[in-house]
Amino acid sequence: MAKDLNDSGFPPKRKPLLRPQRSDFTANSSTTMNVNANTRGRGRQKQEGGKGSSRSPSLHSPKSWIRSASATGILGLRRPELAHSHSHAPSTGTPAGGNRSPLRRSTANATPVETGRSLTDGDINNVVDVLPSFEMYNTLHRHIPQGNVDPDRHDFPPSYQEANNSTATGAAGSSADLSHQSLSTDALGATRSSSTSNLENLIPLRTEHHSIAAHQSTAVDEDSLDIPPILDDLNDTDNIFIDKLYTLPKMSTPIEITIKTTKHAPIPHVKPEEESILKEYTSGDLIHGFITIENKSQANLKFEMFYVTLESYISIIDKVKSKRTIKRFLRMVDLSASWSYSKIALGSGVDFIPADVDYDGSVFGLNNSRVLEPGVKYKKFFIFKLPLQLLDVTCKQEHFSHCLLPPSFGIDKYRNNCKYSGIKVNRVLGCGHLGTKGSPILTNDMSDDNLSINYTIDARIVGKDQKASKLYIMKEREYNLRVIPFGFDANVVGERTTMSQLNDITKLVQERLDALRKIFQRLEKKEPITNRDIHGADLSGTIDDSIESDSQEILQRKLDQLHIKNRNNYLVNYNDLKLGHDLDNGRSGNSGHNTDTSRAWGPFVESELKYKLKNKSNSSSFLNFSHFLNSSSSSMSSSSNAGKNNHDLTGNKERTGLILVKAKIPKQGLPYWAPSLLRKTNVFESKSKHDQENWVRLSELIPEDVKKPLEKLDLQLTCIESDNSLPHDPPEIQSITTELICITAKSDNSIPIKLNSELLMNKEKLTSIKALYDDFHSKICEYETKFNKNFLELNELYNMNRGDRRPKELKFTDFITSQLFNDIESICNLKVSVHNLSNIFKKQVSTLKQHSKHALSEDSISHTGNGSSSSPSSASLTPVTSSSKSSLFLPSGSSSTSLKFTDQIVHKWVRIAPLQYKRDINVNLEFNKDIKETLIPSFESCLCCRFYCVRVMIKFENHLGVAKIDIPISVRQVTK
């Protein structure tokens with residue numbers, strides 16, 4: 001039986017890691033994590049005597065806070081109104097005047113406590129969202145405490161202080177010999193770095209490169225040397241960072257772990273209602289559940305640590321390079337669910353008694369001895385709260401869109417020895433899974449087998465081989481979640497354009513290559529190498545050769561300056577915002593023929609179509625509008641007839657001109673679309689009370705005009721006739737069709753710039769950019785080889801004029817850092833896939849609204865103006881009409897449909913100037929009912945992105961051609 005934490009104690013010769021404030025402290029006391037942290041500090045002062053106390057820099061440095069570490073709350077800090085309501089709740093078996101919480105179960109019996117109200121969907125949802133202290137996280141969960149093997153080893157609380165540069169340098173290496181660092185990628189494609197940072201640059205999540213070759217199992221962390229581990233007085237040889245938990249070997253042990261999610265917070269001695277396998281979580285939702293651990297053997301099994309985490313990662317497979325890249329962008333540790341010496345209050349507020357027996361025979365908690373007894377099933381409750389956004393340090397380049405939660409995308413078919421590789425999409429249901437809870441859900445979201453974004457709840461038991469003194473994973477289990485984040489807009493005010501970011505990186509790379517060429521010229525001439533040669537022209541005159549300067553640090557500051565410019569508050573012209581100027585030329589075009597109109601339209605895209613028609617007959621009208629009207633009327637303006645006589649004298653028998661198509665980039669977005677089975681399971685009514693309140697609260701943050709789903713696109717056609725062309729009516733539209741374009745991009749290194757659909761759809765431009773960076777990559781590799789070959793000679797020239805000063809090493813990373821090299825590789829390895837979906841939207845005729853004839857007539861009159869007016873001022877609003885009996889687009893005899901189509905969608909040409917006409921088009925966007933694809937929300941992360949465009953194709957009569965325009969739109973989940 002598990003050891004009750006209320007008993008006298010802890011194992012012999014072992015002291016509790018969380019020291020009590022009072023001598024009568026018991027495990028059932030409800031204390032805050034910050035109190036525990038302060039207590040540890042006092043305990044450490046006692047041990048060290050007169051050394052004095054050192055305050056942790058993390059308490060004063062917001063950058064060091066682990067904001068997403070856990071959703072674990074503190075019962076003592078619960079809302080006052082909740083505590084007040086609980087204080088009046090009846091409790092059986094509690095003495096009068098007792099101070100027992102109504103949420104605690106009495107030890108006298110095993111029946112649930114009566115609180116006077118439902119705990120499943122009421123007060124339990126008032127979760128206290130208080131984060132644990134940094135010291136507690138670092139002590140308990142960043143390091144795995146040792147001592148189970150050696151009973152004489154004590155895990156004393158550490159003291160925290162900033163690491164000195166000398167300490168970090170000494171730890172890296174003590175050799176005084178000059179050594180250079182190579183940037184060449186090894187067999188796994190990972191780069192090495194020697195850059196350092198201080199304690200404030202806490203980046204707990206990293207990108208890993210794994211080999212998928214059969215003969216290799218190496219895992220390389222591309223950031224492992226960029227960000228040194230957090231230093232404290234713990235012996236690193238006796239502890240392991242949680243960041244390296246994924247590299248531990250796995251052993252087969254007779255331990256069974258089960259993970260189950262529940263609709264509400266589990267209550268002791270009450271059977272919970274399990275959550276559906278098709279549940280979709282969104283930003284701010286609570287994830288409740290419990291974990292059971294059972295030793296199936298006949299002997300005791302010792303373990304070192306037990307972790308319960310909510311993790312998210314991106315997996316990219318490169319079969320050509322036999323490489324698997326993993327980017328972990330979220331890891332939340334539930335301190336109350338993981339093992340610790342003391343009981344930590346649950347974030348849900350539900351209390352339990354350690355070592356008590358639940359309704360299913362399981363024992364609450366894990367004992368302090370860290371021993372799994374045979375035949376005993378242990379249970380731990382967990383609760384996680386999905387964040388609204390990620391930590392700022394998630395993206396090195398500081399892109400806001402990279403710090404938003406991406407949606408679940410594809411499935412990781414290479415995890416756990418390809419455990420999920422057999423999952424296929426059911427054509428009828430539109431999704432597929434293994435049929436067991438915890439299985440990932442595969443939908444037709446246009447992802448390939450080599451790219452996935454995954455959310456999992458992971459439980460891991462870490463053990464230690466007593467003979468080899470090596471840590472290993474005794475057992476691990478994952479529970480896959482489907483997460484569709486709330487539709488926050490990733491386009492922020494003041495964000496720089498894609499091309500401006502790319503140009504800055506290009507200039508920096510060219511400057512670094514110029515510096516390398518300069519030192520090689522110095523090498524040929526045997527001339528001394530100065531700091532000016534290394535730092536480039538922009539720092540000439542500011543860096544003196546006598547000054548001790550760190551070249552790598554200077555280059556890193558240049559990169560940091562580029563990243564600072566990526567922030568959304570960089571040089572915002574608020575006057576332009578008021579005028580409606582376009583802030584992102586990378587996403588939209590600027591019309592040169594009408595600046596005022598461009599300001600009124602705001603962000604827009606445009607395309608053009610040149611047309612050329614031969615003269616077929618002497619008819620006064622070659623093109624007509626009866627295609628939609630099915631009527632036989634004929635009229636032309638007197639100005640057109642007069643112009644015809646003048647143009648006939650030139651002898652030109654052709655009609656030529658230019659059609660410009662311009663479209664607004666809408667603020668609204670298309671709604672997230674999932675298979676019907678998922679939609680029915682995740683309706684608003686099926687959510688818990690907390691999740692419903694969370695959804696309403698998030699919806700209030702979105703403006704009403706943005707919250708409304710995108711239902712139509714506004715286009716404007718401008719027809720400009722050539723000066724030497726025969727007079728003619730502007731071309732008539734034969735048909736309008738729409739299709740949805742899905743653009744997916746990925747790279748196995750962090751993408752340094754913010755991408756957009758226009759760049760990814762422009763194959764010619766993207767190819768030229770990749771060719772340029774391929775050239776950069778080859779030159780860097782060439783220069784690195786030459787640098788390594790002449791390493792000693794270059795350092796002699798660099799230290800030639802240093803005199804009596806200590807020699808200083810010149811490294812290749814002084815010119816090209818690993819981060820800059822990764823940026824170049826990322827652009828070189830950028831891959832784009834495009835899917836054209838033609839069956840997403842209904843045909844335009846099927847979207848027509850039913851209006852009365854009176855309303856229809858008024859709409860037509862108000863749009864075209866009074867055509868009978870002959871004054872010059874009204875001539876600019878004169879609609880152009882002509883005659884024909886063509887009906888290629890609409891069924892014959894549907895004159896009412898033709899009128900509605902003209903009035904609601906295509907409207908009529910309006911003459912606005914000599915030889916210039918304008919026409920407004922409203923393209924309706926309505927989903928078909930039988931969509932088989934899943935439209936996940938638009939997103940952009942460090943390794944991959946998904947964008948959408950609506951392609952509108954306007955086909956003109958008489959084989960004139962088709963005008964195409966791709967309008968960037970977003971897909972969001974903002975409505976239920």
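One-based numbering along the chain as shown.
In case you wondered, yes, glycine gets a Cβ from its N, Cα and C as well.
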Which residue, chosen from Ser58, Ser591, Ser868, is annotated phosphoserine in Swiss-Prot? Ser58
Which range, 637-658, 857-878, does Swiss-Prot list as region 'Disordered'? 857-878
Filtering Ser70, Ser315, Ser336, Ser342 by Swiss-Prot annotation phosphoserine leaves Ser70
Looking at the motif 'PY-motif' (156-160) alone, can you tell me the average pLDDT? 47
